[in-house]
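Have a look at the structure below before the remarks.
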């Protein structure tokens, strides 16, 4: 402890109100302990410059968050998103009982559900992962309302960054660029040979062709497995996650958390990296992130606090992600614009898919004709 902090501890220990605590009863002893802990938290918060300061939100409601966004004081929004933002696109989340991904993997005969995303298991038994990838491959789904809401934040100059746990690339399909995104758990956008001596890179189209031809992707240079650049259990997160985190979160003036259970570290602990004045909005089916992430004394309110008497910046809006986004858009006066964006972009995707289907059908027809002509000549 520094000399300055030690001095302040001694000075504030003499503060009236901390003297004369009685030990006559266990209740009074507990109260004394709570008071001393509150005192220490307060002291370290002030000493390290982490005290809440003035409230930014006038009330802990979605309406207040909307007013804050419209005030002009909110210019660096960070979005933290998980699988819940993609469920309305038809992509299952991981943990929902009965419908989540982990609850529906019995057909792959795994030793346990998480094995399908463990790097050691994948290297020995890649078949279950690639079978699942055929079912969930990016490009089979359309972005949701929330994906386009993030794009709208970018278009309005309000988005600092989107930190995503998802590997479905729907943020990119919705119009976000690589610089707008931190894909914390990786992406299907690129793939690499798993051999440390090779590491040859492959495109998304190459991987897609391999997966839908029902072949196990192998490197054409060394013969090793090729794996999409998603982060498996047992692998490190992308280095950009850590470098961007240090630059982004101190600048954040509104954190929007959506569709994540906040159970997977280190992603979950990002909520504690914004300043203590920064409002945090959770849009989810249930409240989450309320633990202190094991930070003990130095957890200066790092966990979400929606309901206590000391709550001052955390807002929970319990709904589906799409409904919550549309409600917020309406409060911001952006609802019609968002609805039109979703309709327009989905129509473009349908048009591209139709052209692609026609092209594939034409190529298939030409191949069939060529094969028939070849057969006729042979006969």
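Each residue's number is its place along the chain shown, starting with 1.
Backbone N, Cα and C define each Cβ position, glycine as well.
Per Swiss-Prot, the range carrying the annotation region 'Disordered' out of 1-32, 33-64 is 1-32. DSSP assigns residue 83 (NAD(+) binding site) to a helix.
Residue 193 (Zn(2+) binding site) carries a strand DSSP state (E or B). Rounded to a whole number, the distance between the Cα atoms of residue 185 (active site, proton acceptor) and residue 166 (NAD(+) binding site) is 7 Å. Ranking the recorded positions 185, 198, 222 by Cα distance from residue 83 (NAD(+) binding site) puts 185 first.
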